[in-house]
Amino acid sequence: MQFEIADLLSFRNAATSPLAWLAVLLLAAYLAGAIRLWRAGRGWSILKSVSFALGCMLLFSVTGSSTSEYARELVSVLIFQQVTVMVFVPPLLLIGAPGRLLLRATPHVGAGRIVLRTALSAYRSKLAYALLNPGVAIVIPIIVFPAFYFTGGVSWVMSVPGGHDASMLVFLLLGVVGAVPLWSTDPLPRVPSYPARLLNAFIEMQVHAVFGLVLLIMNTPLFSWYANRSEALGISPIVDQAIGGGVAWAYGGLPLFIVLIVTLSKWWSRDQRSSRRREELEEEQLRLHNAALAARYGNQR
């Protein structure tokens, strides 16, 4: 049996994927909130809605398609799936500002009141504040990749019934936690500084690069679960893990490179605005000083 890229595009088992159903439910809830605002004449951004919808569709595509099946046979497909769920999906969801939509669209009576209280309690909790510490977003990729791939964890997870789906859910949650400081447009209890965001993105890029490089240069199979499975599809285990390394390095670093550019741009714009405000303040102070001097010496004459 030979593997082809087109084999990943089948959705014959989408109905059995928990994460595919999660994507559908998230999109349905989001659209229900957006439609409620539109009907009430309270505007909601189309671009935010499109971003969130794309995130849900991407999550559905990589978890409801045959990608999930082949992720159990090829470590390169697993890495592609993990990077997509952990690095690409969260930014799209967060740009959609789901927290802001929840606060604006949820009714303030009945069950909606309970939902709002729960959401606000979570927002103000010490856990939320702790998770938004810049160090958390940095530690996540440093721990996740070595712990999952270089300790035999990946082979154990694949051998456990439901382990693959559970691991993808964990990666999604960790991805959201790591992406919130970089991508969220919702109000946050803790907003990281621009240097912290740059450091976060830079370190994540290095983690992806080092992990990918290790897989590229290794000439022995690293994963017992995949040792024989890839050969059954006509792919050498060494080639399979090398492809996975390339995916982690190039594909996984793309969103982080965008973060670097956007963060630098925002930082520069903020400094420009601050500089203009300082100049305007200094000019106003100079004008007042000159006016005071003119009035003083004018009176003496």
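Cβ coordinates are placed from backbone N, Cα and C, and glycine is handled just like the others.
Annotated transmembrane segment per TrEMBL: 20-38 (among others), in sequence order.
Within its own chain, the transmembrane segment (50-68) is flanked in space by residues 7-14, 17, 19-20, 22-24, 26-27, 30-31, 77, 80-81, 84-85, 88-93, 95-96, 98, 164-165, 168, 172, which lie at least six positions past its ends and keep a Cβ under 8 Å from the stretch. What TrEMBL lists as transmembrane segment is 50-68 (among others).
The annotation transmembrane segment is assigned in TrEMBL to 74-95 (among others).
Annotation comment: TrEMBL describes 127-148 (among others) as transmembrane segment. Within the same chain, residues 86, 154, 157, 167, 171, 174, 177-182, 188-190, 192-193, 196-197, 199-200, 203-204, 207-208, 211, 248 sit at least 6 positions outside the transmembrane segment (127-148) and bring their C-beta atoms closer than 8 Å to a C-beta of that stretch.
Outside the transmembrane segment (168-186), and at least 6 residues removed from its termini, the chain residues within Cβ reach (under 8 Å) are 18-19, 22, 48, 59, 63, 68, 81-82, 85-87, 89-91, 93-95, 97-100, 131-132, 134, 136-137, 140-141, 144, 192, 196-197, 200-201, 204, 259, 263. Annotated transmembrane segment per TrEMBL: 168-186 (among others), in sequence order.
Positions annotated as transmembrane segment by TrEMBL: 207-227 (among others).
Per TrEMBL, transmembrane segment is recorded for 247-268 (among others).
The list of residues near the transmembrane segment (74-95) in space but at least 6 beyond its ends in sequence, with Cβ under 8 angstroms from a Cβ of it, reads 3, 8, 19, 26, 48, 51-52, 54-56, 58-59, 62-63, 67-68, 144, 154, 167-168, 171-172, 174-176, 178-180, 182-186, 208, 223, 226, 229-230, 233, 235, 240-241, 243-245, 247-248, 251-252, 255-256.
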